[in-house]
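Chemist: Reproduced below are the annotations present in Swiss-Prot:
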- 1-38: region 'Disordered' (REGION)
- 20-36: compositional bias 'Polar residues' (COMPBIAS)
- Trp115, Tyr141, Thr142, Tyr143, Asp194: substrate binding site (BINDING)
- 172-278: domain 'Fe2OG dioxygenase' (DOMAIN)
- Leu177: (4R)-5-oxoleucine (MOD_RES)
- Leu177: (4R)-5-hydroxyleucine (MOD_RES)
- Asn179, Leu180, Tyr181, Arg269, Ile270, Asn271, Leu272, Thr273, Phe274, Arg275: 2-oxoglutarate binding site (BINDING)
- His191, Asp193, His257: Fe cation binding site (BINDING)
Amino acid sequence: MEDKRRRARVQGAWAGPAKSQATAQPAPTAENNLQQRPGKAWMNKEQHLSDRQFVFKEPQEGVRRAPEPRVIEKEGVYEISMSPTGISRVCLCPGFVDLKEADSVFEQLCRDVPWKQRTGIRDDVTYQQPRLTAWYGELPYTYSRITMEPNPHWHPVLLMLKNQIEENTGHSFNSLLCNLYRNEKDSVDWHSDDEPSLGRCPIIASLSFGATRMFEMRKKPPPEDNGDYTYVERVKIPLDHGTLLIMEGATQADWQHRVPKEYHSREPRINLTFRTVYPDPRGAHW
């Protein structure tokens with residue numbers, strides 16, 4: 001036992017004095033940290049931040065954005081698209097009816113036209129059209145499952161306007177659909193005037209009186225978009241008191257149009273849409 005104690009004392013002498021646990025260690029500094037060798041996940045310690053190169057990779061598929069609407073305000077003829085169907089064209093003529101005459105026409109039509117709110121059917125659900133309408137023509141006209149009965153009793157003012165449009169455009173018409181938008185809440189939803197009774201590439205002459213409303217158009221999407229209108233071309237045309245707008249060519253085949261509701265107060269507006277209706281679609285110009 002005594003030999004074991006002696007050997008332990010000898011071994012302890014070689015260890016030297018024990019270090020106190022209270023001895024303070026130097027605090028790590030930013031300089032010390034920078035001198036430490038980083039792990040494999042970081043860069044070489046001698047490479048500066050400014051020397052690093054970041055390589056931007058283009059996405060494999062481009063970001064698709066909806067185009068900004070084209071606004072048409074000035075008088076002129078505009079080809080808005082071209083497709084295998086043909087050229088879609090609109091002609092804008094502000095002030096076609098001068099201000100004094102337009103005021104008189106508006107007052108007479110508000111008073112004399114037999115305006116009526118009709119019931120439409122959409123997705124087998126009936127609804128009240130958010131506007132008043134009237135029909136003039138020797139033939140009936142059916143759209144949105146609504147049939148307008150023949151009405152050959154043209155108001156003299158309407159006949160005068162029809163003749164004036166025909167003389168200035170070279171087009172002839174035999175029918176007229178009248179629309180009265182009573183206020184900002186009245187509207188017409190997206191549609192095309194492409195009923196079979198109108199024939200192929202129908203010409204529509206639209207004459208406006210009263211408050212200015214925005215006429216909007218959107219191009220029909222290609223088949224691969226499966227009816228998605230998100231990225232289609234769009235056109236906006238403000239229609240003022242006395243303005244004439246002609247839609248022709250493939251416009252009804254390739255585009256839709258509407259007059260949307262508005263958030264701000266609007267006075268009444270009358271829109272006259274002259275067109276040609278054929279008695280037998282098989283005899284139309286297809």
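Backbone N, Cα and C atoms are what each Cβ position is placed from, and that goes for glycine too.
Please go over these features one by one and say how buried each is and what sits next to it.
Modeler: In the shown protein chains, 12 other C-beta atoms lie within 10 A of the C-beta of Thr142 (substrate binding site).
With helix defined as DSSP H, G or I and strand as E or B, the domain 'Fe2OG dioxygenase' (172-278) counts 10 helix, 49 strand, 48 coil.
In sequence order, Thr133, Ala134, Trp135, Tyr141, Met148, Leu272, Thr273, Arg275 make up the list of same-chain residues 6 or more apart from Leu177 ((4R)-5-oxoleucine) whose Cβ falls under 8 Å from its Cβ.
Cβ neighbours of Tyr181 (2-oxoglutarate binding site) (same chain, under 8 Å, six or more residues apart in sequence): Arg131, Ser187, Gly210, Ala211, Arg213, Val259, Arg266, Pro268, Arg269, Ile270, Asn271.
Every protein chain shown contributes to the tally, and the Cβ of His257 (Fe cation binding site) ends up with 23 other Cβ atoms within 10 Å.
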Chemist: Measuring Cα to Cα, tell me the gap between His191 (Fe cation binding site) and Tyr143 (substrate binding site) in whole angstrom.
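Modeler: It is 10 Å, counting Cα to Cα.
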Chemist: Under DSSP, is Trp115 (substrate binding site) part of a helix or a strand, or is it coil?
Modeler: coil
Chemist: Report the mean pLDDT of the predicted model across the domain 'Fe2OG dioxygenase' (172-278), rounded to a whole number.
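Modeler: 97, rounded to a whole number.
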Chemist: Within 8 Å of the Cβ centre of His191, Asp193, His257, which other residues of the chain have their Cβ, at the recorded Fe cation site?
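Modeler: Filtered neighbour residues, in order: Val188, Trp190, Ser192, Asp194, Gln252, Gln256, Arg258.
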